Amino acid sequence: MDWVMKHNGPNDASDGTVRLRGLPFGCSKEEIVQFFQGLEIVPNGITLTMDYQGRSTGEAFVQFASKEIAENALGKHKERIGHRYIEIFRSSRSEIKGFYDPPRRLLGQRPGPYDRPIGGRGGYYGAGRGSMYDRMRRGGDGYDGGYGGFDDYGGYNNYGYGNDGFDDRMRDGRGMGGHGYGGAGDASSGFHGGHFVHMRGLPFRATENDIANFFSPLNPIRVHIDIGADGRATGEADVEFVTHEDAVAAMSKDKNNMQHRYIELFLNSTPGGGSGMGGSGMGGYGRDGMDNQGGYGSVGRMGMGNNYSGGYGTPDGLGGYGRGGGGSGGYYGQGGMSGGGWRGMY
């Protein structure tokens with residue numbers, strides 16, 4: 001508890017709100033309610049944060065009925081949901097609003113330092129012209145209690161940018177052509193295998209090259225380092241491999257060290273998962289078959305009416321990492337009309 005108190009903001013900033021970190025990426029609001037069983041949460045009091053592509057960040061805000069209840073909630077710090085231990089920090093509604101005020105660079109104004117041209121090197125997660133937040137629906141995910149988002153805003157400004165060295169490694173080492181990380185290659189080339197390993201505990205200065213070297217002699221084909229709303233690395237990353245077997249082999253590196261940090265790995269791959277460009281050209285890294293609305297964050301996809309459309313999709317495209325609201329009509333990080341690579345539906 002002393003650790004929790006030292007790593008939280010001043011007492012007068014709290015209004016009964018806490019921030020959770022380390023949630024399982026398929027975590028639902030119902031699971032959070034169960035985690036805090038016996039502690040009263042206000043209506044519309046749970047916000048599952050997403051990045052601008054509609055993917056879960058593994059964090060959430062929970063507003064309790066009083067400051068006293070929120071203080072009791074801090075006592076559950078380091079308890080588990082599923083296989084993940086949960087970190088809990090004191091927060092406030094103003095902090096939630098700060099995360100979800102749409103940044104100017106997403107609205108077509110002056111680009112920020114992490115925004116890159118869609119068709120150029122490093123454009124993979126840079127916000128393109130016309131990209132928008134997927135708005136969070138109040139009371140979504142089928143939970144009748146009405147827990148929902150805050151001010152209907154989407155999620156973190158989760159930007160990434162390419163690294164020339166990693167581009168060269170991918171291009172030269174695998175003969176893929178185009179631009180490896182953030183590339184503008186042909187979307188039908190089979191470049192996207194849909195086999196991922198999620199990394200947690202990275203040194204905050206870790207680069208794509210560091211991650212590629214960590215998995216040597218395996219060769220990842222894509223690395224995405226998570227960037228938080230403050231423009232800093234979160235210590236997490238997603239790494240794509242060509243085959244399920246490569247992704248499984250990469251798990252042998254679980255708990256190995258990178259510099260002074262030991263790295264936790266989580267497998268997000270299934271045997272036989274294919275590339276995500278099937279069906280009607282819907283999004284991203286979806287797996288298996290026509291009309292798969294799943295995939296890795298459903299990039300560039302409009303809401304198609306099913307409640308669970310987000311990435312790390314199972315073969316039927318339901319559930320998982322980053323949920324989209326049923327019939328929301330929102331875009332999950334749509335690329336510009338001239339965008340290259342796999343960025344999804346144009």
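Glycine is no exception: its Cβ is also placed from the backbone N, Cα and C atoms.
Among the features that Swiss-Prot reports, N-acetylmethionine is placed at Met1, with the record citing experimental evidence. Residues or ranges marked as SUMO2 cross-link in Swiss-Prot (evidence: a large-scale study or a structure entry): Lys6, Lys67. Under the heading domain 'RRM 1', Swiss-Prot lists 16-93, citing sequence analysis as support. Sequence annotations record features per position, and here Swiss-Prot assigns asymmetric dimethylarginine to Arg121 based on experimental evidence. Positions annotated as omega-N-methylarginine by Swiss-Prot: Arg174, Arg287, Arg323, Arg343. The domain 'RRM 2' annotation in Swiss-Prot covers 195-270. Residues or ranges marked as phosphoserine by Swiss-Prot: Ser216, Ser298. Summarising the annotation, Swiss-Prot assigns phosphotyrosine to Tyr296. Feature annotation from Swiss-Prot assigns phosphothreonine to Thr314; the stated evidence is a large-scale study or a structure entry.
For the domain 'RRM 2' (195-270), the model gives a mean pLDDT of 91. Lys67 (SUMO2 cross-link) sits 49 Å from Ser216 (phosphoserine), taking the CA atoms of both as reference points. Neighbour counts of Cβ atoms within 10 Å were compared across the recorded positions Lys67, Ser216; the minimum falls on Ser216. Ser216 (phosphoserine) falls outside any helix or strand according to DSSP and counts as coil. Secondary structure counts, DSSP: the domain 'RRM 1' (16-93) has 16 helix, 34 strand, 28 coil. Taking H, G and I as helix, E and B as strand and the rest as coil, DSSP gives the domain 'RRM 2' (195-270) the counts 17 helix, 30 strand, 29 coil.
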